[in-house]
Amino acid sequence: MRRDSRGTAEVGARGRADPDTGLLGVIGALYLAQGISFGLVTEALPTLLRAGGVSLDLVALVPLATLPWMVKVFWAPVVDNRGSRRFGRRRGWILPTQGLLVVALLAVAAMPINAQGAVAIIALLAVASLAACTQDIATDGLAAERLGRPRMALANSLQVGGMVGGLLMGGAGMMVLSDWIGAAAGLSVMAGLIALTAVPVLVWREPPPPVEREAGSARLRTFFRSRRGWALAAIALVFANGHAVSTALARLFLVDQDWALARIGLVIGSGTAVAILLGAAMAGPLVRAIGAVPTAVAGLTVSMIGPAVWFLAADGAGPVPTWLAGAATLGGGLGEGLSSVAVFTLAFRFAHDGRQAGTDITMVQCLHGVGGMVMVGLTTALVARSGYAWGFGVALGCALLAAAVLLSTRRTCEPDRFSLSPPVIDEALDEHALPQSHGSSG
């Protein structure tokens, strides 16, 4: 096995404890914390505010609290360029932001969940989102820098699994808790769970940076100074659009089919989350066996089951049975889990080979979010004029386009598997890559 000069994948083979194992526990806990906070902001709090008598006009402002997740790329270079000498370059960001997240959620718990407290709650949720997404930048950078290449697929399975699992806890779990013990107590429990996820970070000691870096070296434009960066940007913009469009339209379609909201939430919401978790669990071993690009293409192929089934349902007559909606949800979610882990494994490898891991991963995440948001908006407008069948047809087309982009860029994104000759850095263009002594293959 080729040794990665910055990874630690071979340490266990030498008879010593593998530090990647402890680091994976740290990373998994942090992704779970991010998922819990995101579920609270996007699912639980809008529902709780509405149940508390808050007007729909105010509830409609809650999504603004997630704005930091959309624009976090603009301060990602600061997280890469600054760190604490005492606590560690990444740990020095993770611990304070984790603390701020807990404090913000406890402050929300202390507020009345009604019209009088709504504005303050939305502001506090924005603070919580700012803390969580900044922690995410540092966590992604930590994973990409420290983990050996063989562990990156597993790390991305933990990322997807932790985020989706946390989303279920912070969304559906919080709403169940609020029924049992009240909203304030439920929020306190969630804050306590997030605080517990900081324990692995507290006991872990971050080694010195793995690469000597120039002060202030991280820049957004550096991401685009390599063909590999441009290829990843194209993939990020398109790979999840088919599933995003299909899932968003499926909810609206079932509302128009007179499905109860609880039934839609169970079949589409919870069903999608469970299917993505299953797909993410399968993706790690598959990436190791056949590669990231083939796994992503396989995931996109499976995900086409979802929009294909919805297309047939929308083009036909009569009500949609639960089993059919469940089959579409299972296929779409499984494929999304597979393709997400595979694509972000490519992104983590790219970041691992450069000097600005947090910035590089964050750029891919933000492009991914922007692509889905734009396509969902455009396709929803199309459905209003042409009907649901056209919208689900667009979702199928998005998945086919994503597969084509992945296949056409496979040698650039995964050169160690698809290059006809050993990878050669393009000196004139690839300013992102480290010197050869640090390992630059993809």
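Any Cβ shown, glycine's included, is placed from N, Cα and C.
Here the structure is a predicted model, which means the values were calculated and not measured.
Marked as transmembrane segment by TrEMBL: 21-42, 48-71, 92-113, 119-138, 158-177, 183-204, 229-254, 260-282, 289-311, 323-348, 360-382, 388-407.
Three or more CB pairs closer than 8 A are found between the transmembrane segment (323-348) and the transmembrane segment (260-282), so contact between the two stretches is assigned (pairs 6 or more residues apart). By the count of Cβ pairs under 8 Å, the stretch nearest in packing to the transmembrane segment (229-254) among 119-138, 158-177, 360-382 is 360-382.
Listed stretches 21-42, 260-282, 289-311, 360-382, 388-407 were compared with the transmembrane segment (158-177); the greatest number of C-beta pairs under 8 angstroms is found for 21-42. A contact between the transmembrane segment (92-113) and the transmembrane segment (183-204) is present, since 3 or more of their C-beta pairs, 6 or more residues apart, lie under 8 Å. Against the transmembrane segment (388-407), stretch 289-311 has more CB pairs under 8 A than any other of 48-71, 183-204, 260-282, 289-311, 360-382. Non-local neighbours of the transmembrane segment (260-282) in the same chain are 156-157, 160-161, 164-165, 167-168, 171-172, 247, 250-251, 254, 299, 302, 322, 325-326, 329-338, 340-341; each lies 6+ residues outside the stretch with a CB under 8 Å from one of its CB atoms. Here the transmembrane segment (119-138) lies next to the transmembrane segment (48-71) in space: the count of CB pairs under 8 Å, restricted to residues six or more apart, reaches at least 3.
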